[in-house]
Amino acid sequence: MSNIQQRCGHSFTWIFLFLVLLLLIIPLVLGDCTCEEDKEEPGDKSLAVKYKVAALASILVASAIGVSIPMLGKTFPALRPEKDFFFIIKAFAAGVILSTGFIHVLPDAFDKLTSPRLSDHPWGDLPFTGFVAMISAIGTLMVDSLATAYFNKSHFKDKDQVVADEEKVEQVHGDHLHLHTHATHGHAHGSIPSTDLLRHRVISQVLEIGIVVHSVIIGISLGASESPKTIRPLIAALTFHQFFEGMGLGGCIYQAKFKIKAVIIMALFFSLTTPVGIAIGLAITGAYDENSPTALIVEGILNAASAGILIYMSLVDLLAADFMNSRIQGSGRLQFGASVSLLLGAGCMSLLAKWA
């Protein structure tokens, strides 16, 4: 059985590498294609709508697959959190998320909040993009800390209550129930989440908030665009983006060990955000002006806040937590592999900034 599991793990490794290369090559091909059929007019609305529908379907499928892959640990042993390959995949996904914050979201926020269409006062008086990103990162730290403290207190309160209840039963009913309660003592405590589990649950929920905010903005911007030349390369670039961002989030959800209902809700919520954003963009194409002062301010502030969340979460809760883990610290080979995977993920996502 161990040989079969090992073969499955190796097979999945090659499948993963193939997907990375495939998703990286597609935008290169689409971005540089100069074939006759692609010489569309900038304002060809019917062709733009077709591209938007294709983008909606492609991104929905890629998001669903990406967020689901880490949850297949029971089927593919290589994807279990205790396996080395899980750390490699998670480092790659964290690199994608880090690059998303630094290379994609933050510069876009700078462009919008420093646009000449905005008045000099107050938007020219203060570097609002960096300020909002900083406040967002600090706010994420506070939410992270307060939520963890709250769940920890609830955890220990429940634990103390279980012990107190057991002691009362022992005192009232004597030795027979004394033995019974000790027999079930481990079961009662086993139902209470550990501190590490609580941390993973907080991380997965806060990370999803940061991802969802910028995913909706991306979807609305793409859906509202009427230029096929702008939309076409974005299809492949955002498909790649959502696939690997989903893998990062899916890994956190898997480690949090939520109940199946919560897992499905979180996976669906992530998978649907960008497609829903595209649908909203399609619906408001005629009325939405992405260059209006209001749109620039709203998108700029939301992007800056999203960037702060993503940068904090990727560096502190994903990369620092894993790279300081005793498993990676004790293995030079795994540390090297995780570092290469991190650089590869960040590099691939940074390269996509040419198209998206």
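Each residue, glycine too, has its Cβ placed from N, Cα and C.
As recorded in TrEMBL, the features of this protein are as follows:
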type	residues	note
SIGNAL	1-31	signal peptide
TRANSMEM	55-73	transmembrane segment
TRANSMEM	85-106	transmembrane segment
TRANSMEM	126-151	transmembrane segment
TRANSMEM	263-288	transmembrane segment
TRANSMEM	300-321	transmembrane segment
TRANSMEM	333-353	transmembrane segment
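Tertiary proximity for the transmembrane segment (126-151) is limited to same-chain residues at least six positions away from its ends with a CB under 8 Å from its CB atoms, namely 106, 109-110, 113-114, 193, 198-199, 201-203, 205-206, 210, 300-301, 304-309, 311-313, 316-317. Away from its own ends, the transmembrane segment (300-321) comes close to residues 90-91, 93-95, 97-98, 100-102, 105-106, 108-109, 111-113, 128-130, 132-137, 139-141, 144, 203, 206-207, 209-211, 213-214, 217, 248, 252, 342 of its chain (Cβ-Cβ under 8 Å, at least six residues beyond either end).
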